Amino acid sequence: MTLFRSGIILAFLTFIARIFGLVREQFIASLFGSTPMGDSMNIAFKLPNLFRRIFAEGALSSVFIPIYNEKMLISKKAANNFSGKVFTLLSLTLIVIIALMQIFMPQLILCIAPGFYAKKEKFELTVFLCRITIPYLIFVSLTALLGGILNSVKKFAAFAFSPIILSVCVIIFTLIFGNYIESTISISVSLIIAGILQVVFMFICVKKADLHFPIIFHTNDPDVKKLLINMGPATISSGVQQLNLFISQSISSFIEGAISILAYADRIYQFPLSIIGTSFSTILLPEMSKVYKSNDIVSAQKIQNNAIRIGLLLSLPATFGIIILSHPITNIIYERGVFTPQDTTNTAEAISAFALGLPAFILAKILTPIFYANGDTKTPLKITLFSIIINTNMNLLLMDSLKHIGIAVGTSIAAWYNLGLLYSYSTKQHKLHIEAGIKLFCAKILLCCTLMSIIIALIKHYYLEYLYSEYLLIKVSMLGSTIIIGVAIFFGTAYLLKVVNYDNSTK
């Protein structure tokens with residue numbers, strides 16, 4: 001299966017999962033809006049996922065997959081034994097980490113959201129909810145490991161589907177038990193139930209793929225030692241990346257309602273980021289690992305350039321579209337219950353600011369696996385350390401004048417700086433070879449985006465009353481029609497300019 005086709009299949013499954021995620025966020029936003037309770041709930045929801053990105057999806061996956069592929073070249077049994085050792089070690093490590101976090105949760109929340117400390121009830125509620133949700137870390141991390149195993153053998157569907165379980169659990173559990181216990185507690189408990197179901201589901205998929213492995217505790221194994229040594233820089237790198245979020249969150253905790261606003265905005269701009277960037281990044285790492293192991297440089301360069309072209313082709317129009325339509329999108333998705341029109345405006349502003357960095361976020365997800373596929377975990381760490389300095393300074397500089405928008409703008413500026421460093425280091429180290437035609441390719445896409453934006457802006461201007469109709473069906477139909485017309489204009493123009501060739505997917 002080609003990179004593009006694999007990416008499209010995974011992107012489609014990610015799209016479905018993100019739709020369910022949006023429904024879940026819509027449900028939570030209608031209950032809490034940007035109230036203090038909403039801020040506490042968003043922190044409790046984010047905390048385990050933040051550490052998951054550091055330990056599981058960040059450091060572990062980037063180091064585990066290349067070694068697992070090496071073992072698979074020897075035999076399936078060798079790969080399964082390696083998986084068993086890593087699974088056991090990860091489980092025991094996470095149990096210790098969760099126990100420590102339960103003890104030091106007040107101190108942890110003080111670091112993540114120092115602005116809450118002056119508001120005793122808000123601070124105590126956040127600590128209480130985080131103590132309920134943090135055990136989800138072990139389940140979601142094991143799910144990520146099992147997903148990495150399946151991704152290594154090009155079985156991407158199960159892991160892409162697993163987030164749907166979380167969204168469905170949160171909604172159903174809260175609807176059933178919301179009348180008997182506090183909504184904040186029912187949502188927090190539903191996270192743990194979802195985590196258990198996700199692990200069970202992934203285990204079933206791994207067994208069906210005949211990749212079942214024994215539970216082995218063996219820290220002296222040379223492959224496990226290699227994993228742990230390589231995980232050092234990778235964990236720091238992933239941790240530093242997440243530290244960007246910690247810092248942004250810490251700063252925003254001093255602005256009432258900003259944590260909730262940024263969380264709701266994050267959910268919408270993460271929609272294309274996950275569908276495009278994460279989907280292709282997930283596929284790229286195992287693909288790149290294999291071609292580098294076989295020393296096939298020509299294939300590696302072809303994969304790199306195809307991925308960059310696809311990333312540009314999809315991220316640039318998404319950026320233009322999101323910026324123009326951020327307000328009606330937010331209105332349709334969130335504005336109900338306690339979520340006010342002012343919340344809609346604030347969230348839309350944050351979405352537009354985040355969207356400015358969308359191409360950089362997506363292209364970074366395409367370039368970063370190039371280093372990990374070569375076994376280089378130190379360069380991404382250096383790049384991330386530089387980026388975090390930019391992110392922190394931008395957030396502090398822009399927060400006073402632009403409030404929550406300043407934090408989102410600072411994040412986008414840091415994303416472009418990060419991409420610039422990734423490009424610079426990868427080309428200097430001869431790991432990336434950009435084809436000469438990509439500059440013209442990018443210019444043509446920008447021309448297509450400009451024409452698309454003009455058409456969308458005109459539709460928005462002349463049919464504004466329908467985009468904000470009191471009837472949901474009319475609003476959704478109008479927004480959907482506008483997006484479809486915009487997509488048709490973009491790809492139609494792209495075809496005329498020979499940006500895309502529908503026989504080969506990308507030219």
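Note that Cβ sites are derived from N, Cα and C of the backbone, with glycine treated the same way.
Noted in Swiss-Prot for the protein shown:
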TRANSMEM  3-23  transmembrane segment
TRANSMEM  54-74  transmembrane segment
TRANSMEM  92-112  transmembrane segment
TRANSMEM  132-152  transmembrane segment
TRANSMEM  156-176  transmembrane segment
TRANSMEM  185-205  transmembrane segment
TRANSMEM  268-288  transmembrane segment
TRANSMEM  310-330  transmembrane segment
TRANSMEM  351-371  transmembrane segment
TRANSMEM  379-399  transmembrane segment
TRANSMEM  405-425  transmembrane segment
TRANSMEM  438-458  transmembrane segment
>> Using a Cβ cut-off under 8 Å, which residues of the same chain at least 6 positions beyond either end of the transmembrane segment (310-330) come close to it?
In response: 3-4, 7, 264, 268-269, 272, 276-277, 280, 344-345, 347-349, 351-352, 355-356, 358-359, 362-363, 366, 438, 441-442, 445-446, 448-450, 452-453, 456-457, 460, 467-468, 475, 479, 482-483, 486-487, 490, 494, 499-500, 506
> Do any residues of this chain, six or more beyond the ends of the transmembrane segment (405-425), have a C-beta under 8 angstroms from a C-beta of it, and if so which?
Replying inline: 244, 248, 251-252, 258, 262, 265, 349-351, 353-357, 360-361, 363-364, 367-368, 371, 379-380, 382-384, 386-388, 390-391, 393-395, 397-399, 432
>> If we skip the immediate neighbours and take only residues 6+ beyond the ends of the transmembrane segment (156-176), which ones have a Cβ under 8 Å from one of its Cβ atoms?
In response: 6, 9-10, 13-14, 16-18, 20-21, 23-24, 27-28, 143-144, 146-148, 150, 183, 186-187, 189-191, 193-195, 197-198, 201-202, 205, 279, 282-283
>> Do any residues, 6 or more residues outside the transmembrane segment (438-458), come within under 8 Å Cβ-to-Cβ of it, and if so which ones?
In response: 305, 308-309, 312-313, 316-317, 319-321, 324-325, 482, 485-486, 489-490, 493-494, 497-499
